[in-house]
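Remarks on the structure that follows.
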Amino acid sequence: MDPDIFSFSRFCQTLIHLLKGNIGTGLLGLPLAVKNAGLVVGPVSLLLMGIIAVHCMRLLVKCSHHLSTKMNRPSLSYGEAVQYGMENVLWLRRHSNWGKRTVNLFLIITQLGFCCVYFVFLSDNVKQVVEAANATTFSCQMNYTNQTEVLVPSFSSRLYMLCFLPAMILLVLIPNLKYLAPLSLVANLVMTASLVLIYFYSLTHITNPANLPKVGRVKDYPLFFGTAIFAFEGIGVVLPLENKMQRPQSFSLVLYLGMGIVTFLYISLGTIGYMCFGEHIGGSITLNLPNCWTYQAVKLLYCFGIFITFALQFYVPAEILIPPVVARVSVRWERAVDLLLRTVLVIFTCALAILIPELDLVISLVGSVSSSFLALIFPPILQNLTFHTEGVSPLVTIKNVVISLVGLIGFLTGTYIAIVEIIAP
């Protein structure tokens, strides 16, 4: 095969994986995020957050390159990069292992948080389709007051989560992700088709935005931050993708192109979705689609994509948590313990979703708690640690402190407001 063609093929594969790592349920929640921030402040904030997120991803890659060369390692994970970065600072060297453990902890929280969001997303959308089954028509007229006319009263969304639980357990028991590759391809295609239809409907039903607030309430902005940073949290896939590239030097182009597309999608769908549905926008834009067969199919197809993606998101925490436990048991019990731990982890995520069945609040909480650290707080700190011995200019230090402070303030306020909203009657 021509090396240039092979290289281009790898480039496209990495770009697709980067897009897949950033486009999920978070994208569908952005219209509500724009509502919380305001029609002007929301898109501007998304643009700024996108620029900062891409900058932090670039910092992570730069630090990883520097440290892997220094340690004579071919590649590093996010946790290893923080660990070796801490070894650069004399008084942190003894505690460098805690750097890796802390990053792994937040990776686990983030990925299990995604799994919780998937349970809530699936239950909300399938519940809506079932309840509106008798009212579903071929006419896609929009009803602003109540998108779902309930003709078949159904049970609680929590019971829908329990119905999905056995299927989720069977899904994560599949021993190798390669067996899911065909289904994953189908899931990507149907999710793409669903997004195209959602864009089409939103664009063709935009209402006059004159009455929509340009600036949201101050107390709602932390909820915007949590949802937005949840959507932008693709930093966990950056190093694995860069490490697998045939020509890592071309990864910068992949990163800027991919995240440029992602940021455009986030701003456009967030703004168009809010302009289309206004004050009635739900935790996911799919919940606002009309009751006609076309858009009920969109909900079900997107649910299928999310269902398959659950196994991919679950893979990261499973790979961190399960091997150390399995290593402590005899060979005879290794398989049984592995399956048991996977089952327990899925039940745990389902239980958390049942405790907090509000999609928008779960997204905001997960984003505020863990995504803030991984996407905004750790990368600037890592740059200061990595180049500590070479010397970091005062301007770079100030820039890094500002970015980390933005992440920290977002973490504190977003977590507080999300928890208050969750426990409010």
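Heads up, the Cβ atoms here are built off N, Cα and C, so glycines get one too.
Listed in TrEMBL:
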type     : residues : note
DOMAIN   : 12-419   : domain 'Amino acid transporter transmembrane'
TRANSMEM : 37-61    : transmembrane segment
TRANSMEM : 103-121  : transmembrane segment
TRANSMEM : 155-173  : transmembrane segment
TRANSMEM : 180-201  : transmembrane segment
TRANSMEM : 221-241  : transmembrane segment
TRANSMEM : 253-277  : transmembrane segment
TRANSMEM : 297-318  : transmembrane segment
TRANSMEM : 339-356  : transmembrane segment
TRANSMEM : 362-382  : transmembrane segment
TRANSMEM : 402-424  : transmembrane segment
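Residues 52, 55-56, 219-223, 225-226, 229, 356, 358, 361, 364-365, 367-369, 372-373, 375-377, 379-381 of the same chain, all 6+ positions outside the transmembrane segment (402-424), place their C-beta atoms under 8 angstroms from a C-beta of that stretch.
Beyond the transmembrane segment (221-241), the same-chain residues lying 6 or more positions past its ends with a Cβ under 8 Å from any Cβ of the stretch are 14, 17-18, 21-22, 26-27, 29-30, 32-34, 36-37, 41-42, 45-46, 49-50, 53, 56-57, 60-61, 64, 75-78, 81, 107, 110-111, 117, 251, 254-255, 259, 262, 266, 316, 360-361, 363-368, 370-372, 374-376, 379, 410, 413-418, 421. Counted over residue pairs 6 or more apart, the CB atoms of the transmembrane segment (103-121) and the transmembrane segment (362-382) come under 8 Å in at least three pairs, which marks the two as touching. Beyond the ends of the transmembrane segment (362-382), by six or more residues, the same chain brings 25-26, 29, 52-53, 56-57, 59-60, 63, 78, 81-82, 85, 103, 106-107, 109-110, 113-114, 116-117, 120, 222-223, 225-233, 235-236, 283, 353, 356, 399-401, 403-404, 406-408, 410-411, 413-415, 417-419, 422 to within a C-beta distance below 8 angstroms of the stretch. Contacts between the transmembrane segment (37-61) and the transmembrane segment (297-318): absent, as fewer than 3 C-beta pairs lie under 8 angstroms at sequence separation of six or more. Of the recorded ranges 155-173, 180-201, 339-356, the transmembrane segment (297-318) has the largest number of C-beta contacts under 8 angstroms with 180-201.
Contact count against the transmembrane segment (180-201) (Cβ pairs under 8 Å) is highest for 253-277, out of 155-173, 253-277, 339-356.
Packing against the transmembrane segment (155-173) from elsewhere in the chain are residues 119-120, 122-124, 126-127, 307-308, 310-311, 314, 318, 339, 342-343, 345-347, 350, 353-354, 357: each is 6 or more residues past its ends and has a CB under 8 Å from a CB in it. Proximity of distant same-chain residues to the transmembrane segment (339-356), defined by a Cβ-Cβ separation under 8 Å and at least 6 residues beyond the stretch ends, is recorded for 112, 115-117, 119-120, 123, 158, 161-162, 164-165, 168-169, 172-173, 314, 317-318, 321-322, 325-326, 362, 365, 422.
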